[in-house]
Amino acid sequence: MRTLWMALCVLARLWPGALAGCADAGRCCPGRDPACFASGWRQDRVYGTCFCDQACRLTGDCCFDYARACPARPCIVGEWSPWSGCASQCRPTARVRRRAVQQEPQNGGEPCPALEERAGCLEYATPQGEDCGHAFVPAFITTSAFNKERTRQAASPHWTTSTEDAGYCMEFKTESLTHHCALENRPLTRWMQYLREGYTVCVDCQPPAMNSVSLRCSGDGLDSDGNQTLHWQAIGNPRCQGTWKKVRRVEQCSCPAVHSFIFI
């Protein structure tokens, strides 16, 4: 039987008209389509009605040439667009970036990945250019990885070269947090999963989160004696929030990457 099957395959290559299949019928159909069939040899070596729809891989009744006539093609997407600006000024909100589909998946090819990503952000200037955003009492934080992309002078025209590097690091010991942090699994908010009660975390204060006059970050707890309970909130999911207490101020953060954050 195997010899017969190999002979049929060779015959199909040398004399395509000898065997009907998906190519001869001009059929390649997505999903399950009972009307997408031809007459010829099937891949299970049975002659008769064979199918050229995507579901035939599961049912085992594909035409012998399905893989060649209907190759799987993966979804292809373009590059990410630049990040948008914050949706609004002077309060925690979100920015977004998108990418477009250049080729839809075909014949069971790899499906398209996410076409949109959102990340938390906070604008520190009104449309009129007035300073804002520093009046928030809680400390708004995000992962320190975001600091690599943040443009330090974007929010305020008052920054000078001498104040650009006036940053500092605050160490806190987390006291409590909501269960919503552990539920985050989106690519840009997955860092919230690593927030834990009782751990010491580092939060970097750098422009533009740093006020250009006071050289302080809102919610830094610098005036706390260490016994005061302070509040924090994760940018990107307002339900991920909690409390911590100040440990100390240091010049450079030295916490592990998963416990390193920045003020926003």
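Just so you know, glycine gets a Cβ as well, placed from its N, Cα and C.
If you look up Swiss-Prot, you'll see 24-75 marked as domain 'SMB'.
What Swiss-Prot records for C28-C52 (among others) is disulfide bond. Of all Cβ atoms in the protein chains displayed, 17 besides its own lie within 10 Å of the Cβ of C28 (disulfide bond). According to its DSSP assignment, C28 (disulfide bond) is coil.
Under the heading disulfide bond, Swiss-Prot lists C28-C36 (among others).
Sequence-distant neighbours of C70 (disulfide bond) (same chain, 6+ residues apart, CB-CB distance under 8 A): C22, C28, C52, Q106, N107. The feature disulfide bond is assigned by Swiss-Prot to C36-C70 (among others), with sequence analysis given as support.
Every protein chain shown contributes to the tally, and the Cβ of C52 (disulfide bond) ends up with 24 other Cβ atoms within 10 Å. Per Swiss-Prot, the feature disulfide bond maps to C50-C52 (among others).
Annotation comment: Swiss-Prot describes C50-C63 (among others) as disulfide bond. Contacts of C50 (disulfide bond) defined by a Cβ separation under 8 A and a same-chain sequence distance of 6+ are given as G21, C22, F37, A38, S39, G40, W41, R42, Q43, C56, D61, C62, C63, F64, Y66, in order along the sequence. In the three-state DSSP scheme, C50 (disulfide bond) is classed as strand.
What Swiss-Prot lists as disulfide bond is C56-C62 (among others). According to its DSSP assignment, C56 (disulfide bond) is helical.
According to DSSP, C70 (disulfide bond) sits in a coil region rather than a helix or strand. Per Swiss-Prot, the feature disulfide bond maps to C63-C70 (among others); the stated evidence is sequence analysis.
What Swiss-Prot lists as domain 'TSP type-1' is 74-127.
Among the features that Swiss-Prot reports, N-linked glycosylation site is placed at N227. Under DSSP, N227 (N-linked glycosylation site) is assigned to coil, being neither helix nor strand in the three-state scheme.
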- For the disulfide-bonded residues C36, C56, which one has its C-beta crowded by the most other C-beta atoms within 10 angstroms? C56
- Around N227 (N-linked glycosylation site), which residues of its chain at least 6 apart sit with Cβ under 8 Å of its Cβ? K245
